[in-house]
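Going by TrEMBL, these are the annotated features:
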type     : residues : note
TRANSMEM : 28-54    : transmembrane segment
TRANSMEM : 75-95    : transmembrane segment
TRANSMEM : 115-136  : transmembrane segment
TRANSMEM : 148-167  : transmembrane segment
TRANSMEM : 173-193  : transmembrane segment
TRANSMEM : 213-238  : transmembrane segment
TRANSMEM : 258-275  : transmembrane segment
TRANSMEM : 296-319  : transmembrane segment
TRANSMEM : 331-348  : transmembrane segment
TRANSMEM : 360-381  : transmembrane segment
TRANSMEM : 387-407  : transmembrane segment
Amino acid sequence: MVFNTLYNLTDFWFAGQLSSDALAGVSIAGSVFFLLLALGLGIQIGAAALIAPIAGQSGDDDERRGSIADWVDQILGLSLVLSLVVLIAGLLVATPLVHFLGAEVNTVAPLALEYIGTILWGAFTFILTFAAAGALMALGDTHSNRNALAIGFVANLGLNPLLTFGLDMGVTGLALATVLIKGASALYLYRVLTRRLGRRCRPRFSSDKWAALLRQTIPASGNMLTIILGGFITVALIGRFGSQHVAGYSVGLRLEQVLLLPALGLNSAVMAIAGQNLGAGHLDRVRQIYTIGLQLGLAMAAVFIPIMVFLSPVLMGFFSDDPDIQHTGAIYLKIDAIAFYAYVVLFLSTATLQALKQPMFPLILGVARQLVIPASINYWLIVYQGFPMISIFYTIISVVVISSLIAHGYTLRQLGKLQVNTPATSA
């Protein structure tokens, strides 16, 4: 999710160099683009949650490696099938979805669909990359994926201008650059997995294991999906005030996500380490990992909140000279800074519960805080009461802060139950 946000933000910048319509089109397409990432992230979380406990077990190394390799094969098979489903479903719903988000039919919509179409045909590269990253993360290898993402980001900076301007591919070039980089990343990560497991990865099917994987993947994807669906509604409501405001909000949102990157990395580390300790029977360490994560997250907030408050106008100026775009993005960043640490708490609570194989509560809370509650309130405020656009941003942060308190309390309760049950389990 981390560098995918950077890819998307880079595309925004180059789209802005094409035209205001191109920036608006890629901004709207970015919302649809993140639907694909929701599924990929679910696969990654599911793979990590199922493989990490096996990696943490003691016993024969060859037997453990064989068990992990079998899971990787199952994950690879499911990923290929889901990629085909995404392609077919995406092609069917892309046009009505872009129109729902308020893209002008003759100007912005064609550019948005041009970007989305290219991404959908390369959907398998995204999902396979996420699957391999999840398996490696469960094995304690975060370096390979980090290296692939970092190199890919740098390559994107070169491919974007080459394809977009050098080969005159326009918006299609922006999307194609991302697909090519994801394909190369997938090949690299599966090569690393092959070396670690001692054999090649092959797609396989087992109904029991696919069902177990889907039980982890669907709630995790659903949690991310609710974020995106809520974002769709937010974009549609902001679109009532003009396409420039949609572009400003979209750029501001991506900048916020960039500032949250360290917290997302912390989220992945907490889930992997907590899962390994759970598999090894070190239950007392799971709560300690969660607590340390919260402390590190607080330090991150102390650094990034001032950036959001004081440097947001400067950051927005890099993407557009349109005053409406700049103002909307800067206002969003300043207001949402209030909820920065609340996001960190939500990330870490979700990661810990995923490690405990309790994915349903984050899904239920996610549906409420990211879709049902803010969408209902904002629709009532904007459509029925005629409130200004800024009220949407205040609704978002209020719901996030309250939800973080609920998530933190529930996570502490579940960790407490885990420790209480430890003596009985040992006996």
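Using N, Cα and C of the backbone, Cβ positions are placed for all residues, glycine too.
Sequence-distant contacts of the transmembrane segment (173-193) (same chain, six or more residues past either end, CB-CB distance under 8 Å): 7, 11, 14-15, 26, 29, 72, 76, 114-119, 121-122, 125-126, 128-129, 132-133, 135-136, 141, 144-145, 148-149, 152, 155-156, 159-160, 162-165, 167, 201.
With pairs at least 6 apart in sequence, the transmembrane segment (115-136) and the transmembrane segment (258-275) have fewer than 3 Cβ pairs within the 8 Å limit; the two do not touch. Sequence-distant neighbours of the transmembrane segment (387-407) (same chain, 6+ residues past either end, Cβ-Cβ under 8 Å): 234, 237-238, 241, 245, 328, 331-332, 335-336, 338-339, 341-343, 345-346, 349-350, 361-362, 365, 368-369, 373-374, 377-378, 381. Only pairs six or more apart in sequence are counted, and the transmembrane segment (28-54) with the transmembrane segment (213-238) gives three or more Cβ pairs under 8 Å, enough to call it a contact. Counting Cβ pairs closer than 8 Å to the transmembrane segment (360-381), the top stretch among 115-136, 148-167, 213-238, 296-319 is 213-238. Using a Cβ-Cβ cut-off under 8 Å and counting only residues 6 or more beyond its ends in the same chain, the transmembrane segment (331-348) has close neighbours at 248-249, 252-253, 255-256, 259-260, 263-264, 266-267, 270, 290, 293-294, 297-298, 300-301, 304-305, 308-309, 312, 315-316, 390, 393-394, 396-397, 400-401, 403-405, 407-408, 411.
Same-chain residues lying 6+ beyond the ends of the transmembrane segment (296-319) with a Cβ under 8 Å from its Cβ atoms: 12-13, 16, 23, 248, 251-252, 255-256, 259-260, 262-263, 266, 325-326, 329-330, 333-334, 336-337, 340-341, 344-345, 347-348.
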